[in-house]
Each structure stands twice: as C-alpha cells, then as structure tokens.
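Pulled from TrEMBL:
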- 2-182: region 'Large ATPase domain (RuvB-L)' (REGION)
- 21, 22, 63, 66, 67, 68, 129, 130, 131, 172, 182, 219: ATP binding site (BINDING)
- 52-185: domain 'AAA+ ATPase' (DOMAIN)
- 67: Mg(2+) binding site (BINDING)
- 255-337: region 'Head domain (RuvB-H)' (REGION)
- 310, 315: DNA binding site (BINDING)
Ligand SMILES: Nc1ncnc2c1ncn2[C@@H]1O[C@H](COP(=O)(O)OP(=O)(O)OP(=O)(O)O)[C@@H](O)[C@H]1O
C-alpha cells in the first residue's frame with residue numbers, strides 16, 4: 001500500500017472530517033475556473049427554464065473535488081441529492097431500485113461510475129435519455145418486460161477513468177467537466193480556508209510551503225494540514241513554517257512532495273537501472289509495491305512533476321529526476337547545479 005498521507009484516495013476515517021471542510025457553493029469552490037464557469041452557465045440556464053439540468057460527468061484524478069461539486073450542483077439548484085456508486089450497482093436490479101425511488105428533479109450522484117455492471121449500464125442509457133426503464137420479470141419463455149416511467153432527474157457521474165466508460169454512456173452526458181490538478185496558488189487558498197475552519201492560524205509562508213508539497217490535490221493538502229496542526233499543538237510556540245517543515249519531515253514528505261514510495265521508485269530507476277528504461281513489473285518487484293499502486297498513484301505524479309517519463313520500452317528518469325535522486329548528470333554539471 002502507498003503511504004496514506006499522500007494517497008489521493010480518502011481513508012474511511014477521513015470522510016466525516018472532509019465533510020466539514022467541503023465548500024457548499026460554486027463561489028466558495030476554489031480553483032478550476034474553467035469548470036466553475038461552465039457549470040455556472042449550465043445550472044443557471046436550467047434554473048431560468050425551470051427544468052432539470054443536463055446529466056453531468058465529472059472526470060479527473062481522486063481528491064480534486066468531484067463529490068464536492070456534485071453536492072454543490074444539488075445545492076445551487078435547490079435539489080435533493082442521492083448518493084450511489086458503481087461498485088454498489090452490480091445488477092440491473094440494483095439500479096432499478098435506485099432509479100425508481102428518485103423524486104422529481106433529484107440529483108443522482110454515482111461515484112466511480114466506470115465500475116458499474118454492464119447490464120446496469122444498458123438500463124441507464126434509456127433512463128438518461130427518456131426517463132424510463134424496462135424491468136424484466138420472469139425467466140425464459142415466460143419473461144416479460146414492464147416499462148416504468150421515472151421522475152426526471154440529473155445524473156452526476158464521477159470517474160477517475162473516463163476512458164473506461166463505454167462511448168454510448170459517455171455520449172449521454174450533456175457536459176463533461178475535466179478536473180485538473182490544482183496550481184499551488186489555488187491550493188494555498190484551499191488551505192487558508194481549511195485552516196480558518198479548523199481554527200489553525202498559519203502565516204502565508206507556511207501555507208505556501210504546504211501547498212507546494214500537496215501534489216496539486218486538495219484532499220492531500222487538507223490531510224497534511226491536519227498533521228501540521230498536530231505538530232504545532234505538541235510543539236507549542238514554534239513558528240508555523242518550522243512546523244510545516246518538521247511535520248512533513250517526520251512523515252517522510254520531501255521538499256517536492258514525494259513520499260517514501262515515490263522516492264523508492266525514482267531512486268530504483270535512477271540508481272538500480274541506470275536511469276531506465278525499466279518495465280513496470282520489474283520496478284514493482286524491486287521496490288516491493290503493487291504494480292497497480294505504482295501505475296495509478298506514484299507514476300502519474302512523478303510524470304507530472306517531470307521526474308520520470310514513459311517510453312515504449314519502459315520508465316526512464318528525466319534529468320530533473322536524476323538530479324532529485326542525487327545522480328549528477330552532464331547537464332547538471334553544465335548548469336553548475
Ligand atoms: N476546490 C476546492 N476547494 C476547497 N476544498 C476542496 C476543493 N476540492 C476539494 N476540496 C476538499 O478536498 C476533499 C476531497 O474532495 P472530494 O471528496 O470532493 O474529492 P473527489 O474528487 O470526489 O475524490 P474521490 O474521487 O476520491 O471521491 C474534501 O475535503 C473537499 O472539501
């Protein structure tokens with residue numbers, strides 16, 4: 001498992017805490033200006049015409065605010081919201097139960113929608129398009145399909161893997177919001193808001209340092225903030241910037257936001273494999289991690305930071321990656337770094 005401190009996926013004990021920090025309106029939602037602007041128009045137009053907003057797909061890596069935005073969509077349009085998730089919908093019947101219970105205008109949030117069963121997906125196509133479904137009763141020759149009218153609803157699907165959604169499902173969303181990792185300045189605003197809500201006073205330099213090390217992800221920023229709050233409580237009277245640095249050092253998060261596993265991967269490529277290329281399974285065996293974890297969590301971050309690259313022959317360390325791993329490269333010598 002990856003280090004829970006920089007895992008963009010929420011731990012089960014974290015959800016209640018996260019709830020308290022969630023922005024409840026588009027105006028309060030920090031960053032993602034493009035998506036905010038797009039949603040604002042879409043929701044306002046639906047309100048003006050007094051109709052249910054189009055179905056919306058929220059796509060992007062974990063921890064960037066998909067659940068938060070779904071709740072905001074409900075709040076901004078004054079509609080109730082019902083929560084479900086792809087893994088909970090394993091049969092068409094599971095979906096029929098959810099859909100038939102919807103009240104008119106309700107927002108149905110389906111998290112991890114790419115993990116829904118195929119049989120349910122087909123039922124969802126008709127539900128999204130015509131607000132009706134066909135329920136099959138009986139088996140074999142006696143089987144019959146009974147049409148059922150549904151209340152008009154807005155489906156808000158969230159996915160970290162939009163490429164895994166079948167095209168017919170993707171096409172039935174009126175709008176897809178692509179969430180991007182946050183710039184450090186936006187994360188600083190997220191942190192400043194969270195610090196205020198948690199009653200932790202942090203100076204701007206400390207907020208900036210935390211933002212820089214939070215991997216562009218509000219969930220990680222809020223989690224690191226909690227660790228810093230603890231550190232400051234225990235070490236009463238310390239400066240906040242020292243607190244940020246000491247707490248993150250204690251929890252193994254380095255200057256660039258890399259944790260123990262990120263560094264192990266980078267160092268294996270740089271030192272054990274001479275900068276690469278090296279295949280994913282060899283890399284996983286070398287650092288003693290699941291290949292899936294490396295591919296889903298570690299690699300995207302290291303690639304985004306320009307520390308490693310993917311080539312058809314395997315993963316390589318970039319000059320910046322080699323430098324971070326302490327390998328002196330020729331261009332590092334030339335730059336005098
Ligand atoms: N733009 C934002 N402004 C302020 N806080 C945010 C923002 N986006 C996310 N957060 C905070 O980050 C945490 C994680 O957000 P959220 O649960 O919405 O992410 P998610 O994309 O749905 O993640 P997952 O895909 O793992 O469910 C929440 O505590 C939320 O308050």
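Just so it is clear, glycine is given a Cβ too, placed from its N, Cα and C backbone atoms.
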Checklist entry - If you count the other Cβ atoms within 10 Å of each Cβ, which of the binding-site residues 131, 182 comes out on top? => result 182
Checklist outcome for this item: For residue 310 (DNA binding site), the same-chain residues 6+ apart in sequence with C-beta under 8 angstroms from its C-beta are 299, 303, 316
Item to check | Contacting binding-site residues for ligand 1, chosen from 21, 67, 182, 310, 315 when the Cβ sits under 6 angstroms of any of its atoms | outcome: 21, 67
Checklist entry - For the region 'Large ATPase domain (RuvB-L)' (2-182), what is the mean per-residue pLDDT, to the nearest integer? => result 92
Item to check | Among 21, 22, 63, 66, 67, 68, 129, 130, 131, 172, 182, 219, the record's ATP binders - longest CA distance, Å | outcome: 37
Checklist outcome for this item: In three-state DSSP terms, residue 182 (ATP binding site) is classed as coil
Checklist outcome for this item: Rounded Cα distance in angstrom between residue 129 (ATP binding site) and residue 315 (DNA binding site) is 43
Checklist entry - For the region 'Head domain (RuvB-H)' (255-337), what are the DSSP-based totals of helix, strand and coil residues? => result 47 helix, 9 strand, 27 coil
Next on the checklist: Counting across all protein chains present, how many other Cβ atoms fall within 10 Å of the Cβ of residue 63 (ATP binding site)?
Outcome noted: 26
Checklist entry - By the DSSP assignment reduced to helix, strand and coil, which category contains residue 131 (ATP binding site)? => result coil
